[in-house]
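Only one structure is covered here, and it is reproduced in the block below.
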């Protein structure tokens, strides 16, 4: 008997705070997924880092042995300056001296990566004025970009998602839920093909040092706005039509970002995902909302009635002749 009462009370407690329990599980799942990613990255990348450190140590030691006139401190100072310049997008190598980082097309590409929050980090402002302008430009430009993308996606999704689904539902009589799922899958396949697979094949041809996996990796890192910056197109030695290539990449990133947002919005409108998201949201108290609405209505009605009564009193006070005439006529009628 006690066990059944305890079990029923636990079930009732879980049902009353279902949203809180689901949110707690969501937080726990996210933290576990974060730890899982850290463990996998550490186990996969740490051996390669160790090999690279050993290789660099051997090369440095061999260079110092072959050049006895150069001290280790002088070499490290030179390497520190080279690495610092490399972080700003300036390379000391002879095969990279022909590319400028701040011509118009490169600046346009940099501005697009800043406003889209991709931020490859391969090129950064050097001067204090450039850094200050980058802050002001980003503060104004990022919300402006979000507004622009929201307006564009809202119009595109009307013609690409909602109207086709409604057409097949009304014209052919298919289930709206099934049509929405099939449409979302088809739209996702088209987006992956047009903005990931085909561009990856093109980048693998145009970039000499990229294979298909590296090109696909660049497309995903860019369109997901992660922007690690380890692969940046158009930075090779003597890149043909570099200016036109940079403008094309800028257009690709903008169109790809819009396509990604359209696909995400399409999937978010699925009924199953809406139900799943509602599990983690805080539910509003309907009774409290109704009380607030009734109080607001009562206040509005009382204020309206008070205003009407005051208007009538003002009208009577401003028209004494009409009032006296009506009162005398009423008295004469009563006397008769």
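Every residue gets a Cβ built from N, Cα and C, even glycine.
Among the features that TrEMBL reports, compositional bias 'Low complexity' is placed at 323-336.
Residues or ranges marked as domain 'Potassium channel' by TrEMBL: 94-156 (among others). Averaged across the domain 'Potassium channel' (94-156), the predicted model reaches a pLDDT of 86.
Under the heading domain 'Potassium channel', TrEMBL lists 192-268 (among others).
Annotation comment: TrEMBL describes 95 as N-linked glycosylation site.
The feature region 'Disordered' is assigned by TrEMBL to 307-336.
Under the heading transmembrane segment, TrEMBL lists 21-44 (among others).
Residues or ranges marked as transmembrane segment by TrEMBL: 135-158 (among others).
Same-chain residues lying 6+ beyond the ends of the transmembrane segment (178-203) with a Cβ under 8 Å from its Cβ atoms: 160-161, 164-165, 168-169, 210, 212, 215-216, 218-220, 223, 233, 252, 255-256, 259-260, 262-263, 266-267, 269-272. Per TrEMBL, transmembrane segment is recorded for 178-203 (among others).
According to TrEMBL, the transmembrane segment annotation covers 215-232 (among others). Counting residues 6+ beyond its ends, the transmembrane segment (215-232) has Cβ neighbours under 8 Å at 113, 116-122, 195-197, 199-204, 207, 253, 256-257, 259-260 in the same chain.
Under the heading transmembrane segment, TrEMBL lists 244-264 (among others).
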Just give the helix, strand and coil counts over the domain 'Potassium channel' (94-156), going by DSSP.
44 helix, 0 strand, 19 coil
Tertiary contacts of the transmembrane segment (244-264), as residues 6+ beyond its ends and Cβ separation under 8 Å:
105-106, 108-109, 112-113, 116, 118, 149, 152-153, 156-157, 160-161, 184, 187-188, 191, 194-195, 199, 206, 219, 222-225, 233-234
